[in-house]
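Taken verbatim from TrEMBL:
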DOMAIN    25-312  domain 'Gcp-like'
BINDING   H112, H116, D306  Fe cation binding site
BINDING   L135, L136, S137, G138, G139, D168, G181, E185, N277  substrate binding site
Amino acid sequence: MAYGLGIESSCDETSIAIVRDGRELLSLKVYSQIDSHSPYRGVVPEIASRAHLEKINSLLSVAMEEAGIEFSDLNYVAVTSFPGLVGSLMIGAQLARCISLVYGIPIVAVNHLEAHLAVIGLERELPPFPWLGLLLSGGNSSIYIYKGFGDLQIFADTQDDSLGEAFDKVSAVLDLPYPGGPYLEAKANAYSPIPGEKNPFPKLLKEDGEDLIRFSYSGLKTAVLYYKRENAKSLPIEKIAYYFQKTAFELVTRNLGKAISKTGIRTVVAAGGVLANGTLRDCLEKEKERSRFDLFYPSKKIYCTDNGAMVACLGYHLWKQKSFVGLDFKVSPKRNFEQII
Ligand code: KG4
């Protein structure tokens, strides 16, 4: 039996989890900093680091108590080491170093993006590699080729805004609270389109052929802004939210279909904060029927946003591979960072 601690502090969630055998969640504590950042409509790095420092020790105590284990029972300490805000990553890294030093427990340094994909292991047997990893979050609109633990390669990326960023910026344009995703989703769900009605927003990247797979959402954000100006007298917020989602998600499913044909990989794992969106999940399910692939994503929404459980879960597989790092391991803002073990 292996007990693993997962520490996540890469952005605006401070989180600690304890997992048994990479499969069974014993405790998960998440402190969301949203209230501290929302006045600025985005994550302020300095505020994020300070909040991690203030909260992380108490989360650790509560999680250990709930799991009912001692530090000496831990087999590994997994911590997000990249990508993320450096000042924030350092808080989690330092906690991992302390625990490792005091209790002689190996440290496993985890790629945050890979952890978002591997977290499905907490809900089911992992499908065989390779996978296509579809990551849609506040910082990513990307498709990865995931060949095995520690082997994640970028396949398609965004040219500008990520999908989560587009949700957040469009919600700002519509004077909805931050972060915009859940608010825009609620508005979109409240709209019933009139049969035959035209989408006011243009199809994204419609000139791209089968071989070009990329994301771009800044044009859609601008289209919403212009539409708002033209309809300022009586702004149809629900309609805008509905067609914003429809347009944005069409690009996701189109790119996914192209990626499957191009790579021949028919196992898709989708993850990231935007996967909390029910309409996106429905669109992916429909694309799965159309393009015939196996689709997995976390059923629990808490596993979609940043959390320590995903770190502990991936950490287990890396620990089994003996992918440990020394106390002098580095953190990095870069997603193609490689730890020297
Ligand atoms: O993965 P995540 O928690 O962290 C970062 O990447 O920072 O993703 C956060 C993003 C935000 O942009 C937020 O607006 C978006 O996920 N999000 C959603 C929903 N819930 C969160 N987007 C669309 N629909 C949602 N229900």
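Just so it is clear, glycine is given a Cβ too, placed from its N, Cα and C backbone atoms.
Annotated features taken from TrEMBL, shown on the structure.
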{"residue": "H112", "record": "Fe cation binding site", "contacts (Cβ under 8 Å, 6+ apart)": "E8, S10, T80, F82, P83, G84, D306, V311"}
{"residue": "H116", "record": "Fe cation binding site", "contacts (Cβ under 8 Å, 6+ apart)": "L135, S137, A271, G272, M310"}
{"residue": "G139", "record": "substrate binding site", "contacts (Cβ under 8 Å, 6+ apart)": "C11, P83, S162, G164, E165"}
{"residue": "G181", "record": "substrate binding site", "contacts (Cβ under 8 Å, 6+ apart)": "G164, F167, D168, S171, G273, V274, A276, N277"}
Item to check | Average model confidence [pLDDT] within the domain 'Gcp-like' (25-312) | outcome: 96
Checklist entry - If you take the centroid of the Cβ atoms of H112, H116, D306, the listed Fe cation site, which other residues of that chain have their Cβ within 8 Å of it? => result E8, S10, C11, T80, L113, A115, S137, A271, G272, N307, M310, V311
Next on the checklist: According to DSSP, collapsed to three classes, what secondary structure does H112 (Fe cation binding site) have?
Outcome noted: helix
Checklist outcome for this item: Taking H112, L135, S137 as the binding-site residues, the residues having C-beta under 6 A from ligand 1 are S137
